[in-house]
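Features reported for this protein in TrEMBL:
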| type | residues | note |
| --- | --- | --- |
| SITE | A:HIS40 | site 'Important for tRNA non-discrimination' |
| DOMAIN | A:147-568 | domain 'Aminoacyl-transfer RNA synthetases class-II family profile' |
| BINDING | A:GLU177, A:ARG223, A:HIS461, A:ARG502 | L-aspartate binding site |
| REGION | A:201-204 | region 'Aspartate' |
| BINDING | A:ARG223, A:ASP224, A:GLU225, A:GLN232, A:GLU495, A:GLY547, A:LEU548, A:ASP549, A:ARG550 | ATP binding site |
Amino acid sequence: MTSSHSRPDWLRTHTCGELREANVGQSVVLNGWVDARRDHGGIYFVDLRDRYGITQVTLTPEQSDALPFSTEFVLGVHGKVVQRENPNPDRPTGLIEVRTERIEVLSPSPTPPIDIIDNLDAAVDTRLRYRYLDLRRGPLQRNLIHRSKFIASIRRAFEDQEFIEVETPVLTRATPEGARDYLVPSRVHPGQFYALPQSPQIFKQILMVAGYDRYFQVARCFRDEDLRADRQPEFTQLDMEMSFVHEEDVFAVWEGVMGRAFRENMGLELPQTFPRMRWEEAMDRFGSDKPDTRFGMELVDLAEWVPTCEFRVFQGALEAGGRVMAIRVPGGGSSVSRGQLKSLESAAKDLGAKGLAWWKPGEEGGAAGPVAKFMDGAVGEELLALTAVDGATTDGDLLLFGADAERIVWRVLGDLRLRLARQLDLLPPATGDGAQWNFLWVTHFPMFEFDEAAGRYFSSHHPFTCPEDETLGGDEPDVSKLVSRAYDLVLNGWELGSGSIRIHRQDVQARVFELLGIDASEQQLKFGFLLEALSYGAPPHGGFAVGLDRLVALTLGLDSIRDVVAFPKTTSAADLMCGAPSRVAPDQLAEVHVAPAGKALERDGSA
RNA sequence: GGGGGCGUAGCUCAAUUGGUUAGAGUGCCGGCCUGUCACGCCGGAGGUUGCGGGUUCAAGUCCCGUCGCCCUCGCCA
């Protein structure tokens, strides 16, 4: 059967990015948006744009007078490709132009509220309100195309290793712990709610029980928490799970996946294996569980040295069971001013420090810092030797100290290290030739973390994470010291993703619940169906998930994931383009058995 | 929920610290120009200064409230 529609003659024969000298003499039809116009009286230039490029079109005065059009109109241009009198070497199509024979407006446009140019400087609200115009711009198009190709590489990499892509539900059950759920009321079950998944965690473990052995998915996840530049309420994870594996098997798969995606999309060869670092070492050397290893300024433990120093604050910190550590800022003696030290100190205080001790060994008197008087002679010499990078002694450095509980020292010095690296420009460029791609596996996370407010322990990862020691320390364990088989993948100081080897033995699982203070009835209530599934022959398994939005943003050198998400939301989780969230008609609410309450009542219902 | 910043023409920003008719660049509209590609020259339109209230002879400017956007702490197993 043939179509009853005849093919319109304005349909393009070429895109706006493909005509070259070889096409000179050909009759062509182009479709595209009016990027710019230049009227020279006797001749009229139009830059016609689509996502492939820009081609210059020439019109006679008669043609331009006969047909009014403006920027962002969509045109169909019939014409002949000709060599240019004045070529433009800056454009791929710059050697040719299309001399118009016939032109028609396929679609008009009012003056756009934002310019469709690469270097746009417009308010974010306007860009989000008219997202379709923002997305028409070159940089955003290139971002989304890069994202698409990146995902395609990852899919191929998983498929080549026998992974099976399985879709899991978006309407699912509320999760007992973790982030706040997005809820969806059920019409059929009055008073009951679905939740949108925070991750496919439970489903992927069940797929292992079901024998799928190697699963992956490009999965949308939802968390009803406050936003940041690198956090959206819905985001995309590259999720996977494997059976009959050890940590190293999971790492190897991802090293292959990342290697392929970087090779195919960025022309970069990543190392075949990424470095591994235990959590404890990451904290001790970088003050962070997601260390940026592209620069030095590592933390140095001063426990051995402190007793030789008279400074009571340092000694007091050790006596109280805390730590004393320092970072050495190369050249900081001159590059970090008193004013900057003040703001560093206030940053340190915001993070829980009582103050910030510093020393500029090259300086005299007050300029040398508040603790300089304790650094005379051998004491100072020894400290300089301890903190020297690769044994090298450089003059004019700055030493910053942390003396407090271990957590605070890590947090404060880890933060100052990053702050100073940015301030002093120690970071390599985010993209391009000088860029570094420091992938790192961080392993051996603590099993549990104590929550002061709740007064109990919580799983650092989640309660199905396998402990390193399956006896969990025996009869009287020190819960705070237990180590898990959870791991993170870190890239240049960003946490790309996390995962773990799971518990598959019921006795171990029961013991973990016991340590978390979750009794049998609560277990049944919260995790019943998963525990039941795991009882029917659960293979030993483990998995991992990577935040795709962050990964893509990083590979493009962007700070904000908004520029790699087609339709992002604002800091208050609103979609300015379609106006979500919105009020709904009372009928619609009644149908799902929901009535406004609290603040929803105060704002009188202008539905 | 807390802290900070911002809100003036379609867009990006000014407005001498409370004082005449709120300006500029850009975009848009009109005119001129045959080789531009950030075209050029001339002219024009375009404003509820986010919104509401207050102080004052007088408010873009000061005060109170409110809304929105951005950053950030909490939060995000």
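Glycine residues also receive a Cβ, built from the backbone N, Cα and C atoms like all the rest.
Distribution of TrEMBL features across the structure.
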| residue | record | contacts (Cβ under 8 Å, 6+ apart) |
| --- | --- | --- |
| A:HIS40 | site 'Important for tRNA non-discrimination' | none |
| A:GLU177 | L-aspartate binding site | A:PHE458, A:SER459, A:HIS462, A:PRO463, A:LYS526 |
| A:ARG223 | L-aspartate binding site | A:ALA179, A:ARG180, A:TYR182, A:GLN198, A:PRO233, A:PHE235 |
| A:GLU225 | ATP binding site | A:ALA179, A:ARG180, A:ARG231, A:PRO233 |
| A:HIS461 | L-aspartate binding site | A:PHE445, A:SER484, A:ALA486, A:SER498, A:SER500 |
| A:GLU495 | ATP binding site | A:ASP289, A:LYS290, A:ASP488, A:LEU489, A:GLY547, A:ARG550 |
| A:ARG502 | L-aspartate binding site | A:GLN205, A:PHE464, A:THR465, A:CYS466, A:PRO540, A:HIS541, A:GLY542, A:GLY543 |
| A:LEU548 | ATP binding site | A:ARG147, A:PHE150, A:ILE151, A:VAL218, A:PHE235, A:THR236, A:GLN237, A:LEU238 |
Would you mind giving the whole-number mean pLDDT across the region 'Aspartate' (A:201-204)?
94
Where does A:LEU548 (ATP binding site) sit in DSSP terms: helix, strand, or coil?
helix
Count the Cβ atoms, other than its own, that fall within 10 Å of the Cβ of A:ARG550 (ATP binding site), considering every protein chain shown.
21
Max pairwise CA distance, angstrom, over record-listed ATP binders A:ARG223, A:ASP224, A:GLU225, A:GLN232, A:GLU495, A:GLY547, A:LEU548, A:ASP549, A:ARG550
20
Record-annotated L-aspartate contacts A:GLU177, A:ARG223, A:HIS461, A:ARG502; largest Cα to Cα distance in whole Å is 23
